[in-house]
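According to Swiss-Prot, the domain 'Disintegrin' annotation covers 1-73, on the basis of sequence analysis. Annotated disulfide bond per Swiss-Prot: C6-C21, C8-C16, C15-C38, C29-C35, C34-C59, C47-C66, in sequence order, evidence recorded as similarity to another entry.
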Amino acid sequence: EAGIECDCGSPENPCCDAATCKLRPGAQCADGLCCDQCRFIKKGKICRRARGDNPDDRCTGQSADCPRNRFHA
């Protein structure tokens, strides 16, 4: 939905204001495999292990989402 930055279901979430569904001041993210303590995880950190010989998925440092590498189906 427009204007919603985070899931405001839990008032205990330190990253998200439950009343406005907006990130709290200073927060970059509220959840996601590449979000830790309201901040994006640094670029290159493994967020999803690959199977077989494919490379692991790694955080970009610019998003809370863990991008799928091009080798994953």
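From the backbone N, Cα and C atoms, a Cβ is placed for every residue, glycine too.
It should be emphasised that the depicted structure is a prediction, and the values quoted were computed from it without experimental measurement.
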Under a three-state reduction of DSSP output, how is C34 (disulfide bond) classified: helix, strand, or coil?
coil
In Å, rounded, how far does the Cα of C66 (disulfide bond) sit from the Cα of C35 (disulfide bond)?
9
Starting from the Cα of C38 (disulfide bond), work out which of the disulfide-bonded residues (C8, C16, C29, C47, C59) are within 10 Å.
C16, C29
If we check Cα distances from C47 (disulfide bond), which of the disulfide-bonded residues C8, C16, C34, C35 wins as closest?
C34
Out of C8, C15, C16, C29, C34, which of the disulfide-bonded residues is least crowded by other Cβ atoms within 10 Å?
C8
Which disulfide-bonded residues sit within 10 Å of C59 (disulfide bond) - Cα, from C6, C21, C29, C35:
C35
For C66 (disulfide bond), just count the other CB atoms lying within 10 A of its CB, please.
20
Residues with Cβ closer than 8 Å to the Cβ of C21 (disulfide bond), same chain and 6+ apart in sequence?
G3, I4, E5, C6, D7, C8
Residue pair C16 (disulfide bond), C35 (disulfide bond) - Cα distance, angstrom, rounded
13
Within the same chain, the residues at least 6 apart in sequence whose Cβ is under 8 angstroms from that of C35 (disulfide bond) are C15, Q28, C29, I41, A64
Under a three-state DSSP reduction, the secondary structure at C47 (disulfide bond) is strand
At a 10 Å cut-off from the C-beta of C38 (disulfide bond), count the other C-beta atoms across all protein chains.
19
Cβ-based isolation winner (fewest other Cβ atoms within 10 Å) among the disulfide-bonded residues C6, C47, C59
C47
